[in-house]
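Engineer: Starting off with a structure, shown below.
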Amino acid sequence: MSVAAFRHDWTRDEVAALFALPFNELLHRAHSEHRAHHDPNAVQVSTLLSIKTGGCPEDCGYCPQAARYHTGVKAEKLMSVDAVVARAQAAKHAGASRFCMGAAWRSPKDRDVVKVAEIVSAVKALGLETCATLGMLTDTQAQTLKHAGLDYYNHNLDTAPEFYGEIIHTREYQDRLDTLEHIREAGLKTCCGGIVGMGETRTQRAGLLQTLANLPEHPQSVPINQLVQVEGTPLHGTEALDPFEFVRTIAVARILMPASMVRLSAGRQEMDDAVQALCFFAGANSIFYGEKLLTTGNPDVEHDRALFRRLDLHPLEVIEEAGTVHADILETEANGCGQGCGCSAAA
Ligand code: SAM
Ligand code: DTB
Ligand code: SF4
């Protein structure tokens, strides 16, 4: 099916009906969709870096970087180009193909965007895909980042429209939709998803996925985060989501947005390996790799390498415009010669 033929007119009832399928039926449908559009054994690997940490004026109820909550996160200024490049180089060496840079801004000033554009160009020159998440952008800011070589912009809708006002009071859902439009119009690829486990109902989880699937284009990348509960944030202490409900959310995202990369995003450190395996079967094909997300923990690199080996997964290779392919260091170090045969010969 061509991308143009994908549906953008899902009703809430239709999405809710997918959530309500018997678990095995849902996973069968999601996995079949997954296989039709993706290599079921390939997982795209991104590394995150917080390039400007904490001190954010927004009040997102989940976020440890909001200045108003006492979470122990120390506010730090925007990192220098050299410092970010050193971290990007290390991420590439460890096997990441995409480098995602996050900043705790409500919306960057034009002079901030100029500095981030310089960082983006330097990271791109390493041969990595680039992604940034800096808050709300104007149309011209989005264009500046595109010209600098930015591939993806991450801007999450986070939850269903009707639940948004219970989690965030300092901006509107429409503000997010407006930035997403600026991103698309600038020709950037969209990375847009949300968080589950914030006390929302299943209907509201369906509402998030319905909104994402009904955007004018499916986001090329759809991060599904499980709430990382941080002491000091209003959502700390929220009742944990049943892990199978998280798997269902991944499966429904895969069915609604068949060609998108669905990222098993924040929350993996708190998740069993078996649940992660179910997520990969249900259609997740992207992860954050590296010990840290922005301010909270992620599984350590050795653990993820072992998980890839145990599940026979391999990192997705990225064909660059110039025609070169990223060195598959994750696989090389895990499997010896890099041919995926599991031998112990050096590469
Ligand atoms: N300030 C920018 C913004 O809000 O768009 C960019 C950074 S913000 C930290 C990026 C995303 O991280 C949020 O949209 C949210 O989806 C996710 N996030 C933040 N805190 C989280 C948490 N505790 N658990 C899961 N996801 C979280
Ligand atoms: C996304 O959807 N999840 C990432 C990334 N995009 C920027 C962020 C997760 C943050 C988890 C909390 C933290 O580490 O501060
Ligand atoms: Fe600020 Fe982004 Fe955190 Fe909200 S999610 S408080 S906008 S850093």
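Using the three backbone atoms N, Cα and C, a Cβ is placed for every residue, glycine included.
The domain 'Radical SAM core' annotation in TrEMBL covers 41-268. Annotated [4Fe-4S] cluster binding site per TrEMBL: C56, C60, C63, in sequence order. The [2Fe-2S] cluster binding site annotation in TrEMBL covers C100, C131, C191, R263.
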Engineer: Mean pLDDT across the domain 'Radical SAM core' (41-268), rounded to an integer, is what?
Structural biologist: 98
Engineer: Setting C56, C60, C63 aside, what same-chain residues sit with their Cβ within 8 Å of the center of the Cβ atoms that define the [4Fe-4S] cluster site, listed in sequence order?
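Structural biologist: Residues close to the [4Fe-4S] cluster site, other than C56, C60, C63: E58, D59, Y62, P64, Q65, A66, A104.
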Engineer: Given a 10 Å Cβ-Cβ cut-off, pick out the one of the binding-site residues C63, C100, C131 that has the most other Cβ atoms nearby.
Structural biologist: C100
Engineer: Quick check on the binding-site residues C56, C60, C191, R263: which one has the highest count of other Cβ atoms within 10 Å of its Cβ?
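Structural biologist: Going through C56, C60, C191, R263 one by one, the largest Cβ count within 10 Å is at C191.
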Engineer: Out of the binding-site residues I have (C63, C100, C131, C191, R263), which ones have their Cβ sitting under 6 Å from ligand 3?
Structural biologist: C63
Engineer: I'd like to know which of the binding-site residues listed (C63, C100, C131, C191) lie near ligand 1, counting only a CB under 6 Å away.
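Structural biologist: Among C63, C100, C131, C191, near ligand 1: C63.
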Engineer: Write out, in the order they occur in the sequence, the residues of the chain not among C100, C131, C191, R263 that have a C-beta within 8 Å of the mean position of the C-beta atoms of the recorded [2Fe-2S] cluster site.
Structural biologist: S46, L48, R98, T133, Y152, N154, S221, P223, S286
